[in-house]
Amino acid sequence: MDPAPEPVTYVCGDCGQENTLKSGDVIQCRECGYRILYKKRTRRVVQYEAR
């Protein structure tokens, strides 16, 4: 059995409130109901190989 995915934090495009969503949740701000959410930037190092 796979471990449960961690909830991801999103920022509302209207009011700026942070929202934590899990898979299957409605993509909507919990404060104002706005439907455009932006994913927060990850803290881990992301490195790609250039060719």
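Using N, Cα and C of the backbone, Cβ positions are placed for all residues, glycine too.
Since we're looking at a predicted model, the values are computed, not measured.
Pulled from Swiss-Prot:
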| type | residues | note |
| --- | --- | --- |
| BINDING | CYS12, CYS15, CYS29, CYS32 | Zn(2+) binding site |
| field | Same-chain residues at least 6 apart in sequence whose Cβ lies under 8 Å from CYS15 (Zn(2+) binding site) | value | CYS29, GLU31, CYS32, TYR34
| query | Apart from CYS12, CYS15, CYS29, CYS32, which residues in this chain have a Cβ no more than 8 Å from the mean position of the Cβ atoms of those residues at the Zn(2+) site? | reply | GLY13, ASP14, GLY16, GLN17, ASN19, ARG30, GLU31, GLY33, TYR34
| request: Using a 10 Å cut-off, grab the number of neighbouring Cβ atoms around the Cβ of CYS32 (Zn(2+) binding site), all chains included. | output: 13
| Sequence-distant neighbours of CYS12 (Zn(2+) binding site) in its chain (C-beta under 8 A, six or more apart) | GLU18, ASN19, CYS29, GLU31, CYS32, TYR34, ILE36, LEU37
